[in-house]
Amino acid sequence: MTSIADIRTDYARASLDIADVDASPLRQFRRWFDEALKAEVAEVNAMTLATVDPHGQPSARIVLLKNLDERGFTFFTNYASHKGEELAANPRAALLFHWIGLERQVRVQGIVEKVSEAESDAYYHSRPLGSRLGAWASEQSSEVPDRATLEAREAEYRQRFGDAPPRPPHWGGYRLLPERLEFWQGRPSRLHDRLEYRKHADGSWTIVRLAP
């Protein structure tokens, strides 16, 4: 049986230098994201979202990036879920993208805000019917006795709304407004390249190199 301690990979695909990156962290992220798309990285828009509850207990889960613009990173969820409750109490959060095939990570820290009703409506109505009904049927993070209960709820809302369910008031989008972004490139001998963008009050960014 292989020892977990003996599992290791040496990274050697690429390097990362301040002279080669974009002055804008969001443009740099888009550059890396497009390269991950081209490389056919699985679930390229999957990201770990970390939040903290009022007692200081952190939580993390995978969510999907659904929009990226000059303001930040957008994802959608149930506002009444554990993460929604935690973000209501403390809007500070972090994201992590891990594109293992490219030996890259991107870490993002910032403040989360709800997107507009119009943005939530537009994305909700672009989803498959089953996903739209599921947003009604699932009281996310609450206890349920069995799967049959969920399926019965889905059938109930399908009968009620047909193929035109409205967006539930408890479901919508969040946008993380980045204040720090770290781009990590795996390198040999664990001497990885780490570049961090730090946002200033005037909206400008400073780029620094961090020790691995």
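Quick reminder: no glycine exception, Cβ is built from N, Cα and C everywhere.
Within Arg92, Arg153, Arg175, Arg194, the residue that Swiss-Prot lists together with Arg61, Ile62, Val63, Leu64, Leu65, Lys66, Phe76, Thr77, Lys83, Gln105, Gln140, Ser141, Trp184 for binding FMN is Arg194.
Cβ neighbours of Arg190 (substrate binding site) (same chain, under 8 Å, six or more residues apart in sequence): Pro212. Between the binding-site residues Arg8, Arg61, Lys66, Lys83, Arg127, Lys83 has the most other Cβ atoms inside 10 Å of its own Cβ, all protein chains included. For the binding-site residues Phe76, Lys83, Gln140, a Cα to Cα distance of within 10 angstroms from Lys66 (substrate binding site) holds for Phe76. Rounded to a whole value, the Cα-Cα separation of His192 (substrate binding site) and Trp184 (FMN binding site) is 7 Å.
Remark: Phe76 (FMN binding site) has Lys66, Ser120, Tyr123, Tyr124, Trp171, Gly172, Gly173, Tyr174 as non-local neighbours, by Cβ distance under 8 Å and separation of at least 6 in sequence.
Phe76 (FMN binding site) falls within a strand when secondary structure is assigned with DSSP.
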